[in-house]
């Protein structure tokens, strides 16, 4: 039976990425060699890296605007450390917006480097919304935010205007919606949501913000060294980078970010409409801040959990169990999840209501 | 035509690793899902990680001896940084043996943390041998060495006895030869030689040496945090770890390290015998320190390079061009390279001699 994969990440990728990457393991570019056994300095892989880096800037509309794209390793968690190492001055100050678990982990690493101001937090309401009306200190070395909060199902719909460099962790919604990406000075994202296999990290950085801290940066953490080495300072995560290239090529064929955004909106609207309409469910995050990537929702009557779980599993759905911090359900609708899968989930929710709405009322 | 892949890394892996990993991309464990789209917290992947970690300790003979195996990201180059962060005391001292490019890169990162003593170096002879007769300061926090030098074709055949913790970068010869691995307190290795796809880094560490520096360690660089999280502190490089498991399973089926060591010795002896016998070639590294993984050699008459290159390429050989630091040729004979491939190279060298030995003498 076809699976409807709602995993929060690593997650579904386009079917052609699975097929082409499996083929490349058996025979890459008709070379008679596997992509797993060729040198990262070989002509064939250098071409992969160059095309992937160029496609990132093209799809984000950042070509010729002073940005560099890098494919590094270590996930967003290593970027939590690289950002302050590269951007926080000695005796400097950084500003962070606290919108959830990952923002917190970023803040924790920054605190090792200097004054870390939390400009706002929604922690006291279990991160069910994005804070507004905060002030970013004008003397901060940078402002850091998380565009989408996978765990809590919230997403920043706009970003503050500020004169300090803006750093954004876009791990879970990069390439999913149109934005003016020039408002960011540094964007980073683990590959394993909308980009490719786990093991690669995308960093897009405006070169002019680098090299200004007076800090000695370990070589492996120094963005300038990675730029100079054309993203080959050390052996890259070859296969993961190749899957990113295949996914970016697929996205371009779909019509780029603008085209996929329309589909993502339609998928999210379909599911959120059902969450709001269905008497047995309720959403967990503020309506205005709902994530179009990760929809979090609860049963009105938690005693029906076992029955609902049985029903969606029988429909071939996988990966919608919620994170322990929120409970309930989380449906992750990344770029590669087809509309058909969302329809299947909505149908299950409707069927569930038709069977169990009486029981739910009795229990209440 | 079958390729004989002598790439220095990423490099040849066992054929069954290519086949099984390609299959897992299309359908992992008959789950109907690709290994690229499942959660790293899923039962199936947790089992992969656990088995891989256990197999590492089993194959190295380190089970039940206080060691932990971790699969991290960032390559050996990130370990160059993590080692001093985790092991060098504040106002402490570390001792390094300088045997080549990678040792140097490790030394560079350590210098940011405290006094870094280079106990010996073979730099003045272009790293063509492993230094002997050096003293490791008894008050060093650790001693660091590189077991095999891919670029220069040298390999440490024994390791110094010392009371300070011994850290060894085994990136290019791990799992290739029997050693008493309990003499090491920390071993690390990028996956892309004898272990699996680029993108995973193996760290094997004796737990009791950790947590003693008084230093605040960023979370993502803290071995203790990675151990506590069972190598899942953040999303691991899922696919690369899976290829490591497949390669370790293959190695176990071959009879483990002792069995592969015999084959590696036979391969190295076959090639080095030919380098020494053949009048047109000469080895570059000291005979006693010759690497069984990477054989470096030169043409006696460099003017014959074009003719030799033509001949080995026609035989289906790839990847034996030497590193620019040494020139000439480098034949990397990692675990998965079959004896047959070495025989093909030796045959080419013999044929080359039979055709060109007159010309070579004329030129000299």
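For all residues, glycine too, the Cβ spot is worked out from N, Cα and C.
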Annotated companion of A:76, A:77, A:150, A:169, A:192, A:234, A:235 at the pyridoxal 5'-phosphate site, TrEMBL, chosen from A:102, A:250: A:102
CB contacts for residue A:234 (pyridoxal 5'-phosphate binding site) [other CB atoms within 10 A, all chains]: 22
Listed recorded positions A:102, A:192, A:193, filtered to Cα within 10 Å of residue A:41 (L-glutamate binding site): none
Chain B, Cβ under 8 Å: which of the recorded positions A:41, A:150, A:169, A:193 qualify: none
Residues A:76, A:77, A:102, A:150, A:169, A:192, A:234, A:235 binding pyridoxal 5'-phosphate per the record - widest CA separation, whole Å: 30
Chain-internal residues near residue A:150 (pyridoxal 5'-phosphate binding site), provided their CB is under 8 angstroms and they sit 6+ positions away: A:8, A:9, A:102, A:171, A:172, A:193, A:291, A:293, A:294, A:323, A:330, A:332
Cβ neighbour count (within 10 Å, all chains shown) around residue A:77 (pyridoxal 5'-phosphate binding site): 22
Per-residue Cβ crowding (10 Å cut-off), top of recorded positions A:41, A:193: A:193
